[in-house]
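**Student:** Encoded as structure tokens, here's the structure I'll be asking about.
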Amino acid sequence: MTTVDTILAAKYPAKAHALRVSESLKARHGGAGVIYLEAQKTRLIEDSDEDMPFRQRRPFFYLTGCLLPDAAVVYDAVKDELTLFIPPINPESVIWSGLPLSPEEAAKLYDVDRVLFTTDVNSTLASIASSHNGQTAAFAIAEQVSEGTSFQGFAETNTTSLKTAIEETRVIKDAYEVALLRKANDISTKAHVAAIHASKTATNERQIEAAIIGACIANGCREQSYHPIVAGGEGGATLHYVRNDVDLVDPVTKQRKNNVLIDAGGEYQTYCADITRVIPLNGRFAPETRQIYEIVLQMQTECIAMLKEGVCWDDVHALAHRIAIRGLLKLGILRGSEDELFEKRVSVAFFPHGLGHYLGMDTHDTGGNPNYEDKDTMFRYLRVRANLPAGSVVTVEPGIYFCRFIIDPILKAPETGKYIDTEVLERYWSVGGVRIEDNIHITKDGSENLTTAPKSIEEVESLAL
């Protein structure tokens, strides 16, 4: 067994998470008597008798490690006692779906003190309130409490603070969570390699997407962290491209497109990988793509080298822009001085998004405190506005894009158009976009890259040939 598999052979650390959330609530509110959370409900597709695809509620999973629908959990913070509630057996459901998990089986699977049926929720809450002499508060999430659930007997029912406490606690991952993220990355790396192999003969983006999803499922990620992006040629200039069904042969030139941008990651036990690579469709990168790729790889390499506990994410993002400016100046796409281009925010036309985001149970994980109202366009879409704590996991995903919709207004504005050489720029529209994205675990003195998907030009071309 690998180190990751050894760690994951243990139970998901639900009680440790419950304690951390309780301590967060205590720091803000003087203590939590009880925490109550519900799993996602079984829901039907509109106008159908088919179940909707199931996605577990993240707050519930964080305190249970349980993927069952229609369940609940209660944490008695005074006794440090975690109780999981699972649905009772429905004889009619057994006919179609088989026997559900029993309380005894659930107790062996999950890091909880006891397992009861959901029919016992109210009596359990009442018993806890009584044992606390009505002196403690109950915490829940307002929109995630079923009708009929009663918090009678508690001094207060707070439905506003728990969500924030969980989201802030989730920023710092424990060793088990890092192992889950590493596992998701390992499987997703296999998917990206499968995508490179598929690209050799693929005639349409969807064939590459199929290879990604198939490799993820075959290796243990039944779900994708997000809708995969498979963008050939100029499609790579669209940040969240969703078509994935365009032919890879240019309809005008009848030539195979130069490259394809792939942004895809599998979800393993609710934990996400988020990886982006650009691969050549003709075995080797076209000269213009190669030049942009080298700049983006340098942006990522230098930004990752800067990472450690306490680093300001704004500063890392700014470094990425400066490296982009230097590279585009060298190619002749930009003209002027580095400082002037930086101050005028000209590079935002080519690198319009943030450098990355927290990663965990959500692709854009909680706790980043972005400011989408920021008047500074360089930082408006930065999803993390903080000094990075040790234990956090971030994506580092610089990119350079040639999107006419974004660049044209900059070209037409007299105060910024003078900084771009349109004749040189014309050679790069076919590149579309280059983004390189890895998942980085922040440590006290540096960082650890969880992503092993090939990314050097030599590695990628050797697989693509």
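Quick reminder: no glycine exception, Cβ is built from N, Cα and C everywhere.
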**Student:** Need one residue: from Asp263, Asp421, the one Swiss-Prot lists with Asp274, Glu437 for Mn(2+) 2.
**Tutor:** Asp263
**Student:** Pick from Glu234, Glu309, Glu397: which one does Swiss-Prot list with Asp274, Glu437 for the same Mn(2+) 1 site?
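**Tutor:** The record-listed residue among the candidates is Glu397.
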**Student:** If you draw a 10 Å sphere on the Cβ of Asp274 (Mn(2+) 2 binding site), how many other Cβ atoms land inside?
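**Tutor:** Total other Cβ atoms inside 10 Å, all chains included: 27.
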**Student:** 10 Å Cβ neighbour count around Glu437 (Mn(2+) 2 binding site)?
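**Tutor:** For Glu437 (Mn(2+) 2 binding site), the 10 Å Cβ neighbour count is 22.
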**Student:** Apart from Asp263, Asp274, Glu437, which residues in this chain have a Cβ no more than 8 Å from the mean position of the Cβ atoms of those residues at the Mn(2+) 2 site?
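**Tutor:** Here the nearby residues are Ala264, Gly265, Ile275, Thr276, Thr395, Glu397, Arg435.
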**Student:** Could you say whether, by DSSP, Asp274 (Mn(2+) 2 binding site) belongs to a helix, a strand or a coil region?
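**Tutor:** DSSP call for Asp274 (Mn(2+) 2 binding site): coil, neither helix nor strand.
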